């Protein structure tokens, strides 16, 4: 497995382009199964989970075609099997997203219970209950969810999510797109990635309204047609590079992004002392060589502060002036990176779902020079004195396209070495 070697101390300065959002691309790829003709999806990030989803289609008999711009064409009419096997699903929880589209379009599906990232418990109950509300018969046996649509297909339903679930909202919304009648999803997830999926369904001729609010209304249609669609930019990648510049006292301009989907993060960066300017598809951050100020934050579902940016802000607070409290309300076990930061001299006290971080002037390379991988630790290594070796970077590669190349473009001293 590859490793990253980072020499801290460089002040980042430059411009980079933001990749497509993995968390929008995966449900959009799943939704191509709803169409009755070929669909082309562009701006896909080159990440392991995207490759796994495309491989899953291959196992089902669909042969994805990739063009010179790395857009992928999927023709669901060539599907030969309605089974998503365990050996692929276990590596990626998002595989569950093919369940709703397959039941809606083909009348049945068999999807292995997912594995993937080990953050807390993420039950698939909401997906199952939502499909049952639409008339599907579902059994869970032998590690597989086996679903069958009723005679005449899925029926529109009113469904209330008792906890906000992004993938649950997406799965039921996709199924409802081809169901008979109207579906109303209440307490739905409001994330921009849900909106992007709704826009994609509508681009194929669907009738989805209210995405981005907590009530989504879907009027089922008889068929969804071919479309050409470009995936939205990745807001977490955007935020991570902005924080990278902030912790080093530097300047960065991120292009091909969308400032409107990152307002909670930009607000906290301003609190930390950053000067921020935005355009339609770019954000510029400048710290003017200053050390950031510590910030308090609480994660919550969109449009509040995203849980996927929490660790990066702990890295920021760790070298900031003052003390900041970070409260995690979404996932359990989301402070696993803190132990590694302690080894770098960070002053962090964890009490339940809260991390109290008191900034120090400088972080140091840990005793043996090694850290377990996470994007937040890459940020910490950028400001540590000396060379830090980050191993097990599989998890970074799952979420970030070409992280070392983009950081090099900003002046970071970072290189990838074979494991």
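Placement of Cβ uses the backbone N, Cα and C atoms for every residue, glycine included.
DSSP assigns residue 23 (phosphoenolpyruvate binding site) to a helical segment in the three-state reduction. Sequence-distant contacts of residue 23 (phosphoenolpyruvate binding site), defined by Cβ-Cβ distance under 8 angstroms and a gap of at least six in the same chain, are 166, 191, 193, 234, 236. Marked as phosphoenolpyruvate binding site by Swiss-Prot on the basis of sequence analysis: 22, 23.
Marked as UDP-N-acetyl-alpha-D-glucosamine binding site by Swiss-Prot: 93, 122, 123, 124, 125, 126, 308, 330. Following the DSSP three-state reduction, the secondary structure of residue 125 (UDP-N-acetyl-alpha-D-glucosamine binding site) is helix. In sequence order, the list of same-chain residues 6 or more apart from residue 125 (UDP-N-acetyl-alpha-D-glucosamine binding site) whose Cβ falls under 8 Å from its Cβ is empty.
The active site, proton donor annotation in Swiss-Prot covers 117.
The annotation 2-(S-cysteinyl)pyruvic acid O-phosphothioketal is assigned in Swiss-Prot to 117 on the grounds of sequence analysis.
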Number of other Cβ atoms within 10 Å of the Cβ of residue 22 (phosphoenolpyruvate binding site) across all protein chains: 24
